[in-house]
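Taking it in order: structure first as C-alpha cells, then the write-up.
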Amino acid sequence: MTLGISILYSKPIPPEPELFGFLKPFSVDVWIYMAFSFLMVSLLLHVLARLAPNDWENPHPCDKSPEELENIWHIKNSAWLTMGSIMTQGSDILPKGYSTRWVCGMWWFFALIMCSSYTANLAAFLTNAAMDDSIKSAEDLAAQSKIKYGTVNGGSTYSFFKRSNFSTFQKMWTAMESARPSVFVKNNDVGVERVLKGKREYAFLMESTAIEYQLERNCDLMQVGGLLDSKGYGIAMPFFASYRTAIDNAVLKLAESGRLVELKNRWWKAPEESACVSEEAGEEGASAAELGIDNVGGVFIVLGVGCGIAAAMGMFEFLWNVKDVAIEQKMSRTEAFWAELIFALSFWETEKPVAHSRPSSTTGSGTHSRASSVLRSAADLFRLDVFK
C-alpha cells in the first residue's frame, strides 16, 4: 500500500440559489445590447416591409384586379417575428421582400449564436459547483497567509517538513513554526476537528490513507492536491529472519490477487448508509464566467452590418418600385417617389391603393395652384375627404 502526505481541507459552503440566476450567463451590458437590438431590428423590419413592394399583398386572392393592397407587417407582427426567433419558436408569418428576408436572416444568425452561447454557459453555471479555487496545491498554500496549516506535533509529517530541502516545503515549515497561536496539534483527530471548526481558515497536513478514511465518514472534508511525497507500508522484522522471504512472497500474492484492495475497502469504506458521494481529489472543473460584451461583441457587429445591408437593399428595392410606378401610372419619378414615400411612412395605414390618385389641375393663379396642391396632398395623407 503506497501513501504520501496530502492536504485535508473543508469543503466550500454551497451558495444559496439565486432567484434570477438564469440571467448570469450574460453580463448586464449584453442583456441591454440584446434588448436594444431587438427593438431596432423590429422597427427596421417594420419600415423595410412598408418600403418593399413584395410585402404588399392582395387581401383577396380571388380578385385578380384589386383596388388596394394590404401589408401585414405592422409593428406588432414585426416584433412578434423577432421575439419568436430569439426564443427559437419561429413565427407563423414570414416576409417576402428581399430586404426584409435579408434582415430576418441576419437576425436569425444573431439569435442562433446568442441562444447557443446562453445555453452552453447556463449549463456550466448549473452543473459546476462553486468551488473555491484559492488552494489547489501545496504551492498555493505556501503562497498565501490567510489560511493557516499545520501537522501533528512531533510526527512523521512534522519531521518531513522540518528536514526538507525543497524551497516550497521550507517556506511552509517556516510559516508553521512562526504561526501564533500554534498550528501543531496532538493527534490526527484533533487536527480533523480543527479543520471542521476552522471555517476554511485552517488546513491539516497528514498521510493520504488517513485522509481517505476521514473523507469516507465526513462529507464536509476534501483532499486538496496530490501527494507531496511517496512511501509505502511495510512489516518490521529482525535482521536475517528466516521467515522474511515467505512473508514477502505472501504479501506479493495478496497484492496480485487484489486481496489487499479488498481488505482496504473493507476497513476504509464507510457503510453505505453513511457514505459520502466521492469526489476526485483536486478535481478541476471548467469555471463558468459570465459572457461579457468582449466575448460576444462580434455577433452584434455582424447583426449591425447585416441590418445596414438590408436597409440599403430596401432603399434600392423602393427606388426600383418607384420607377415602375412612374411608368405604369404615367407620373414623373418625383411624384411617384413622394407618393410612395408618404404612404410608406403612414405607419397607421395597412391597405395601399393599387393606383395613386393624381390631384386635378386648377385654373387659378400659380400661388393658388400650389396651395391647392399642398392641401390636396395633405388631404390624401390623412384621408380627409375635403375636395370633391
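Cβ coordinates come from backbone N, Cα and C, glycine included.
TrEMBL labels come from automatic prediction, so no person has curated them.
Look at TrEMBL and you will find 2-270 tagged as domain 'Ionotropic glutamate receptor C-terminal'. Positions annotated as transmembrane segment by TrEMBL: 30-49, 106-126, 296-320. Annotation comment: TrEMBL describes LYS162, LYS253 as site 'Interaction with the cone snail toxin Con-ikot-ikot'. Feature annotation from TrEMBL assigns disulfide bond to CYS219-CYS276.
Sorted by the number of other CB atoms within 10 A, the recorded sites LYS162, LYS253 start with LYS253, the lowest. Residue pair LYS253 (site 'Interaction with the cone snail toxin Con-ikot-ikot') / CYS219 (disulfide bond) shows a Cα separation of 34 Å.
Taking only the Cα positions, the spacing between LYS162 (site 'Interaction with the cone snail toxin Con-ikot-ikot') and CYS219 (disulfide bond) is 31 angstrom.
Secondary structure at LYS162 (site 'Interaction with the cone snail toxin Con-ikot-ikot'), as computed by DSSP, is helix. DSSP classifies CYS219 (disulfide bond) as coil under the three-state reduction. Mean pLDDT for the domain 'Ionotropic glutamate receptor C-terminal' (2-270) in this predicted model: 86. When other Cβ atoms within 10 Å of the Cβ of CYS219 (disulfide bond) are tallied across all protein chains shown, the result is 15.
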